[in-house]
Structure formats: C-alpha cells, structure tokens
C-alpha cells in the first residue's frame, strides 16, 4: 500500500507531463534501486530506461494510426546469477488518463509488481528463467509504450509468456478475462498456481467479441510480439474508473493482497516451469475454463469439451426421440405436441423480449434513461418483473385457450421436453460455432435431464408430490446457482459501462435485453410448472403490481441516475474542450474562425440533467457539423465519433484561447512522384498530444504515408485519423502523405486538419473553462482541457 499511496500522491500522470515522465519514473527507480540493494546473491537485477519512438495502426474504436515519440518505459530484469535464455513478462502501466489519480488504473498493479520484485529478489532460491517487469509509461495513449517495448527492446526477444495487469473498475477481485491465443498450458499454470482464482472463458469471449469499448496491452503483445499471455483486471465498481474518485483509499488492502498472492504464485510457477522454455511445443489448442464460485478453477481442453458437449446433446436427443416415438402408433401426434410446445416456448420468449424492449425504449424517449444506474434494484423491479409476468401470461393463456382439457401432468412433461430440446439444439449449435462458452448449455442439458430421470417415478404418480418438487429443485440447483453467479459478474461489469458507452446506444434497451435473457434462461425449466399449478393469478397480479408501481416511480423521475455520495459515488461523465478553430482555404487564408467550449456527455442522457444547473448549456447550442472538414471539423482526441451523435453534443461560444506554446505546422515540400501522384511532407511541433485528420477530396486517394506500416488505414466514416503523443521532449514530428489524383482540382486534392490538446500545465484550463467547470453539479465528473484546431487544404 505504501507504493500505491506514493504513486497516486504524484497526481494525474498524463503522458508527456513532468508528473509522468520525471516524478513517477524517479520514484520507481528509487524503489527499484532500494530493492536491488536488499536482494540476495541468487539473483541479478538489471534496470533499463527505454524511450522508444514508433508507429502502428490498430482497428480499435473507429480504427486509427498511432505515432509516439520519446515515451518512457522502466524495465527491470530479475534473473539467475548466470543469466537465463527465456523470460516471462509482467506488465503494468504507471501513466493515467488526464484529471484522475489512476489508483486502480493502473498504479495498484505497479505497486503489486514492486512488491513481487521485492519478494522474489529476497528469495535464496534462484529462478530457472528470467522475470521481466515492465512499468510502462504510455498505455492510456492507446497501448503505445507496450508497442515500443515489444517491437524495439532487446530483452523482448527472450519473452515466452506474459501476465498483463489491468483495471476496468476499482478494487475487488481481479478477473482473468483473456488468455492465449491458444497455449492451453498457460491456463493450466494459472489453475495450478493461483491461490484465489477468478477466471472465465465467457468473459474472454464477450471481451474479444468487441462489444466492450476497451482494449489492453494484451493485444499488442499478441499481435506485434506473437507472445501468449494472461490478461487480468479489477472489475468491481467501474462507476469511478477513469474519474477523479479513483483514489488509493478506495482500494481495500485485502484486494491488493489477493492480487499480489495470485500474481506472485503464477509468476513463480512460470519462472520455474520447463514448459516456458519449450512453449512453442505446447501452443496448440484452446481451453474451457471457469471458476466455481471463486473457490477453484475447472479447466479442460476445448476438444474434450466439444466431445462432452456432443455426447450430452446426443443423449438428450436419444431420450427425446425414445419418448416421442414410442409407441410407434402415437409417434406423429407426439411429435406434433412436442413441436407445438417448442414453438410456444420460443414465441413466449420473443413476446417477452419485444414487450420489455418497448418499455425500455419508452423510458428512454421520455428522458428517464439510466434510472437504475445508482439504484440497481430498479432495473430488476422494472424489467425483471415485466419479463417474468409476460412469460407467465403467454403460457397461462396457452393453457386456458389452446390446451383446454388436457392433462396437466402430460402438459408439464411436454414443456419440460420442449425446454430440453431448445437447450440441446443451442448446445449443438454453439459447440459447432467453436465457442468455449457452450459448457453453460451442457449444464442446462445434463443436470435437468438427470433430475428428470431421477424424478420420473414420482412424476408419473398422481399429483406433483412434494418429493418430486424437492428432487427436481435439487437437480436444477447447480445450473441455477452457476448462472446466477455468472449473471452477477456480467451485471457488475456491464452496468457501469452503460454510463460511458456514448450517446448512440440505448442503455435501457441493453440492460433490459440482458435481464430478459437471464429470465428466459432461469425460467426455461420452470415453464412446465405453469401447466402443473392450478392458477397463476396471484403471481401475475403481484408481478404486474410491482412493475406498474416501479414504472410510475421511474416516469415521475424519483430515481435520479447519478450520485455524489462520498462513500460510493456514481458520477455522470462530461468532457469539455475549450477550442479555438481556424479554417484555411487553398491559398492559406483564414476563411472562418471561431472559439467555444465543446461539450460531450458520455452517456445517452446527454446534458438534460445539467441544463437546470448551467442554463446556457441547452439544446439551442448543439454542435453544427462542418461538412467540408474531416470528422465534422471537431477536435476529437480519439476516433470515437461513431459513439456520439452531433445532436448529443454542444458548442458554447467562448472567447478565443491563446496557448503559451502554440502548435507550429509547416509544409516542407510538395513533390510530384509520377504524373498522377503527389507527396506532401510536413513538420509539426506542439504539445504532447495531437490529432491529425486527413480527408482526400473526391477523385483523390491517400495511397501511402510515412506512418504505421506505410499503408493508410481509414477510420469509420472514411476519414483518416492519426493519434500523436510524445514524452517530455521530442524533436519536431516529420511525416509525409502520398496522394493519387487523376487531374488538377480547382478546390485542392486533400483537406488536412491538426488539433493540439493541452492536458496539463498552464495551458490546460482557460479562465472561462475553469469558471464553467466550477458551476457543474457535484454528481458530475467533468474532465476539461483546451485545444486548438486548424484545417488546411492542399
């Protein structure tokens, strides 16, 4: 904890700031030197400060190209006295996003790594392999420092595996949410070594599907270093991740201890493992892995899982066919009945999903979105009760009008078979798709089938006896408990993300969809009880009452989405950029200039809750799009334009701001490469963060540039985005772009804009920006900085 407090006491550590490049680096070096002095003779410690310059393209967010100059890595190698050929890497980052202390993201991981280095260096037993500790100084700049290390550092060649320590929340347990690619021996190492395991292949498949707008250094080591690894992240309390509330006092000592125990054990295991040296021999195959309530992890090869899944599905289909097709004379009517029940079950699910989504869309349209953001129970009372009531209603109506005089037990039996059939089909399909998460379907086929076979005698007797109900419940216990445990983890991760997922996504629709899916899963084997019980009236009335009361309360606005509670804040995120813009024509003359404070609310609610506090921020000042300019002529720091509609951001007129260290942009040369190809060379110097936006005019094409691997990568929407950052100092940025164009254009061939972002120091906040930030309510986290924007045409 001492290390953590000292790192966060430095304050926000933005790349390029003295806090990040000098104070944090000096503190780390002091601690490493102190550890080195105390280390035993069994080990050798080497320290290196790396300041790489490089460039790469990445398809994260809207897709963009990254360029970095002179950023900082602090690299420590702990190895046996006589050296080691192979190494395992442990990675954290000490930089933070602007305006936040970054305790959980990611100072705590660096504190844990210092403590592990200290522990290992004092051990009298030498390790078999080297352990490389990378304290990287530019992760928040979208993974730049890890790229600089893995592609340029001499020690990178010896790395056979890595552990990446990240955060998507503040404290709690650290979840293994990515492993590999392939390399099943790594998961086995975690299973064997971790003292408090928490891992899920479901989390891995959700994260890698891209539906969470985040990425980690794992991607860089995998894609640019071709190294397999384990990705861990703290996931609790994501509400304050990347905000001023991410302070060291909010991370419990237990949480730090737990992470330290796990990572130390796993690193030690890998550094003494024979498999590390021959990792390429064990690289093939995927693993199904999941923890059982945090007690231990079950892991087995995916191919074994595939065989198990298909066998389970085959047994279920065998059971169903035997039941339906005997006696042969009744085979056709039996089939018809099972398929009718199958269809009705699917219909009830579709009706439920549609009905609940209509409620969610209605709530969003009347401006009551995210009413559950601070009060989670509201989502269950609103969408959970609606989903359960709708499901029960559909089946009650079917029982009353469609199955008028049929035997209840026979109906119960048929609907059980229908659910079993749905899960068996799902199991076969998901396994065929190659998803490891299919193990959940195996639970939902195997356990209910066992329960059914065990209770078959009781079930065939008259009346659903208590014994039958008890046995049935017992059979369902494992899948129910596991799905509820998994659902809670999913909610814990996803609910906070809804507060930072942009203005395009309806968070209520996403959460309502989740709740409906979980209701469908949990109710799948209880649908048959609707046909077994005498009446569902009381249940329906209770559920409907709870739903209606909650709906009225939500519509009345009693549940305010955000909270400034000191112990447990759930702030609204707002970004404010005091911007000065200049638009130049082909001759270099300024044809338009303006200045204003550009405001982005990071969730679906926009600024509707802020207007009462700051009346001038209202819908009359919505941001206009400059159609002729790339990215609408706005100074995006990253290409997240697709997450925000222009009707959901605002441009408040303000006086022009004059930074003390303005940007210098000049054209070095214009060269004709061939009859239809021209190369433009530029020089730029400015602050530590700049964004370059390029739009070739109609008929022209950007064919090459000096960035990334030389092939330009367009961002979503067709414009090109380059993210530039540098350390404390760097020589001016030189780059060129090559365009092909069929003939002369009177209006030029390319529009090129550059934005300079002032994230720290004297230029960060103008007096007008400071005054505006002061007026924001205390339940907001408002991150502000200044920037300039210049558009040129060539």
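Heads up, the Cβ atoms here are built off N, Cα and C, so glycines get one too.
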Which one of 468-491, 564-587, 588-611, 612-635 shows up in TrEMBL as transmembrane segment?
468-491
Of the residue ranges 263-291, 292-320, 408-436, 437-465, the one that TrEMBL records as transmembrane segment:
292-320
Range annotated as transmembrane segment in TrEMBL, from 195-217, 218-240, 540-562, 655-677:
540-562
Looking only at the domain 'Endoplasmic reticulum metallopeptidase 1/1-A TM' (335-555), what is the model's average confidence as pLDDT?
89
What residues in the same chain, six or more past the boundaries of the transmembrane segment (511-533), come closer than 8 Å to it by Cβ-Cβ distance?
345, 348-349, 352-353, 356-357, 359-360, 372, 379-380, 383-384, 387-388, 391-392, 395-396, 399, 403, 408-409, 411-416, 418-419, 422-423, 444, 448, 464, 476, 480, 483-484, 487, 490-491, 494-495, 498
Please figure out which one of 372-398, 468-491, 540-562 racks up the most CB pairs under 8 Å against the transmembrane segment (292-320).
468-491
